[in-house]
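Annotated in TrEMBL:
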ACT_SITE  D147  active site, proton donor/acceptor
BINDING   N9, E376  Mg(2+) binding site
BINDING   K16, H205, L206, G207, G208, G209, D280, M281, R282, G325, I326, G327, E328, H329  ATP binding site
BINDING   R90  substrate binding site
SITE      H178  site 'Transition state stabilizer'
SITE      R238  site 'Transition state stabilizer'
Amino acid sequence: MSEVILTLNAGSTSLKFSLFAAGPDGVDPTALADGEADGLGDAPHLKISAASGGIDTALESGNYEAVLARVLDWIETHDSGMTLIGAGHRIVHGGPEFAAPVRLSKAITRKLAALNPLAPLHQPHNLVPVRVLSASHPHLPQVACFDTGFHASNAPLSTRYAIPREMHDAGIRRYGFHGLSYEYIASTLPEYLGAKANGRVVVAHLGGGASMCAIREGRSVASSMGFSAIDGLVMATRSGAIDPGVLLYLMSERGMDETALSDLLYRRSGLLGVSGISGDMRTLLASPSPEAREAVDLFIYRIRRELGSLVAALGGLDALIFTGGIGEHAAPVREGVCAGAQWLGIRLDETANQTDGPRISDGDSAVPVFVIPTNEDLMIARHTLHVLRPAVVGRARQ
Ligand SMILES: Nc1ncnc2c1ncn2[C@@H]1O[C@H](COP(=O)(O)OP(=O)(O)O)[C@@H](O)[C@H]1O
Ligand SMILES: CC(=O)OP(=O)(O)O
Ligand SMILES: [Mg+2]
């Protein structure tokens, strides 16, 4: 009978999940299965991949209750004898109060729901499976793992906006996101960098949401995202950094209110807004349209500039890492970034870049450049086990 952890990463139209066997103390949990329910808005579809046999099927209902029930049913009826001992959730925002992973209670879940306006594209969706599981499995321990948590090591100065102190004290400050991804990457650095793993590293997490993080001695020093997951780089449909004066102008001259601005900044901008075609990097790279080319060029240009800023925060650079769907698979994007980083002594190995690395810098490069696949789910499973371990061990002894 193997004890398993379910990890969940819920978005607006998709629910990604993985199952890990807990394993003995001190040993990494082992992946048993992973899956995704997508098209939850219109054409719900569930796919589970497992060595022991998965499923790939349309769903009658896209509501989270039905989807989660189906996943739990698969776990319970699967013949490998799995016992679910806990669920770990990616929760995008921990606000000023939560940085370390925490076992969820009703009171904590309510506090996290109060942060919904800070991450409207993520937080409300992240919390739906928490409530669904609390209702269907009231005794199953659930753990929240925060995307903001890894950046708790940022120096106070780097978290501050130049606004009145009272506002900073009320939580209006930089947080940073994609922390589970960065923490996982930081944990793999010794394998790729040896002694340099403790040095100054910039990681570019380039996916639907995109950000960059400066890491020193395995800890976050600064990030391109701030108070919300809009700041910094160009993203699939998010603008990234924008002069706040533009927003004031749109309010006064175009009568745009909070709802309209939120829709603009989160859903109609970024690669989609500039190209007018798509927010998907694969589509843009394959498109002959000049607007698609310009969107990709802007994406790359902003990464180059952010790289300079993060190198300044670190006082130098010992390694550059690409991760996330685009970072791991889009060779032309990495090529563009590295071509603009020659001033740092970076030299690309074009052949290695075409085959996604892992090492994509050549022998003459002053700074090694790697492609490292991220694994947010494993990071959630590690945290969840760490939080639950005393309870799990306690229960086993009863
Ligand atoms: N082979 C590829 N070439 C270029 N872009 C890719 C490739 N594979 C995936 N991507 C891009 O990765 C992005 C999704 O990244 P991912 O990290 O999976 O996103 P998210 O976690 O935000 O859902 C999409 O823009 C997709 O086009
Ligand atoms: C924080 C964030 O942008 O997350 P995602 O990349 O999943 O959209
Ligand atoms: Mg992601």
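Just so it is clear, glycine is given a Cβ too, placed from its N, Cα and C backbone atoms.
The structure, with features from TrEMBL marked on it.
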residue : record                             : Cβ contacts under 8 Å, 6 or more apart
N9      : Mg(2+) binding site                : L15, K16, F17, H89, R90, N126, E376, D377, I380
H178    : site 'Transition state stabilizer' : D147, H205, G209, S211, C213, S223, M225, G324
L206    : ATP binding site                   : L233, I303, F322, T323, G324, G325, I326, G327, A330, V333
G208    : ATP binding site                   : M235, A236, T237, G279, G325
R282    : ATP binding site                   : A330
E328    : ATP binding site                   : F322, D356, V371, P373, T374
Task: Please check each of the recorded positions G208, R238, D280, I326, E328, E376 and report the ones with a CB atom less than 6 Å from an atom of ligand 2, ordered along the sequence.
output: G208
- prompt: Near ligand 1, which of the recorded positions L206, R238, D280, E376 have CB less than 6 Å from any of its atoms?
  reply: D280
Query: Ranking the recorded positions D147, D280, E376 by other Cβ atoms within 10 Å, which is at the bottom?
result: D280
Task: May I ask which residues of the same chain, at least 6 positions away in sequence, place their Cβ under 8 angstroms from the Cβ of R238 (site 'Transition state stabilizer')?
output: L121, G209, A229, I230, L265, Y266, R267, S269, G270
Task: Let me know the DSSP-derived helix, strand or coil state of E376 (Mg(2+) binding site), please.
output: helix
Task: Within 10 Å of each Cβ, count the other Cβ atoms, then let me know which of the binding-site residues K16, R90 comes out lowest.
output: K16
